[in-house]
Amino acid sequence: SQYSAVDTNPLSVYIMQPIWNKIIKIVPLWIAPNLLTFSGFVMILVNYFLISFYDWDYTASGTSPGLVPTWVWLFSAFTTFCAYALDSIDGKHARRTQSSTPLGELFDHGLDSWATSIFVLSFFSVCSRDNGKTGVSVYTMYIYLSIVLFNFMCSHWEKYNTGVLFLPWGYDISQVVLIAAYLLTGAVGVEVWQKPFLFGYYITDALVILLIGFSLFLSFPQTLYNIHRAHLKKTLKNNSLYEGLLPLVSPLLLFVLLTVWVVLSPGNILAKQPRLFLWMVGVAFSNVICKVIICQMSSTQPELFHWFLFPLALVVYAAISGLLGWTEEAVLAVFTVLVTAAHVHYGVCVGKQLSEHLNIYIFSLKKRVQE
């Protein structure tokens, strides 16, 4: 299928696009677009692990401001900007080098589906978790992450049904807000997040309200409207309601299972290991959404239940029934490692298959020699 995306966000159209058009001119023509995409993702990862090193349990900003050195926040602003830039120019560079392929599209969206959660998890270190005085509770973090992932899912569910990716306005806005937040933290310190800033509200409250408002009152209605319009124009990809709703089943079941674990965990797993648990949520989500993206690109039907729901259901059942007892945290750790390994393995396999099928290299513009 031919890739088509629509971007109507004024921030993107009038401010960011002209910047990207300038930046793209300095990228050498021999560089493969996927290399740009991947470099951006690696920067997000490096930044995430760096912050995790200084602030494993999300308390550094709240209990002892200054535990995370200033340079880390400035580095976060820098890597976030670079990742944002690379993610914005990879497609332009592909068209410029005449190397646009389905592999590039999948690579871009697949990595985005994972990066989305990593952005959010890195940001939580800025506002820190609730310590009675300041910060956000780990449950708010979980809901916040779920809403961001829900938004991401909506735009790809919409593309699955309409064939067009309407780039959500939230994307550019969130990237600019993230970079500004890191710069602000680097400039004045994490204390800025811990003082009420308007009518007794904290900046973090404002951001959470903005996010929820954006999602529920802007993104989601827009998605439904675009699908409805395609239905009226008779351009919908799927003729039955069942087929149209199918991609939502696995992500929603995933969310239900995870929420059951969060709420009914005897050892209060989310409070004990927020970083592990939320990372696992992001990886699991990314894997489920990658399947939807592949089905949408290949015009095939996703299966009703993603394979991952079965082991997860077992672990959740063992945890909430008390079977795991004191080993709940250890089981979560092992499970998280396995899920991450499975996701990376899946990505590598799909990349290999597609590069062989399309007769291209993933990270080079050279053509493969036909055997």
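Cβ coordinates come from backbone N, Cα and C, glycine included.
It should be emphasised that the depicted structure is a prediction, and the values quoted were computed from it without experimental measurement.
According to TrEMBL, the features are:
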- 26-50: transmembrane segment (TRANSMEM)
- 70-86: transmembrane segment (TRANSMEM)
- 136-154: transmembrane segment (TRANSMEM)
- 199-220: transmembrane segment (TRANSMEM)
- 241-264: transmembrane segment (TRANSMEM)
- 276-294: transmembrane segment (TRANSMEM)
- 306-324: transmembrane segment (TRANSMEM)
- 330-348: transmembrane segment (TRANSMEM)
Distant-in-sequence neighbours of the transmembrane segment (199-220), which means Cβ under 8 A and at least six residues beyond its ends: 127, 134-136, 140, 144, 147-148, 150-151, 154-155, 168-170, 173, 177, 192-193
Ranked first among 26-50, 70-86, 136-154, 241-264 for CB pairs under 8 angstroms with the transmembrane segment (306-324): 241-264
Residue numbers, six or more beyond the limits of the transmembrane segment (241-264), whose CB comes under 8 Å of its CB atoms: 139, 142, 146, 150, 153, 156-157, 160-161, 227, 270, 277, 281, 284-285, 288-289, 291-292, 295-296, 301-302, 304-306, 308-309, 312-313, 315-316, 319-320
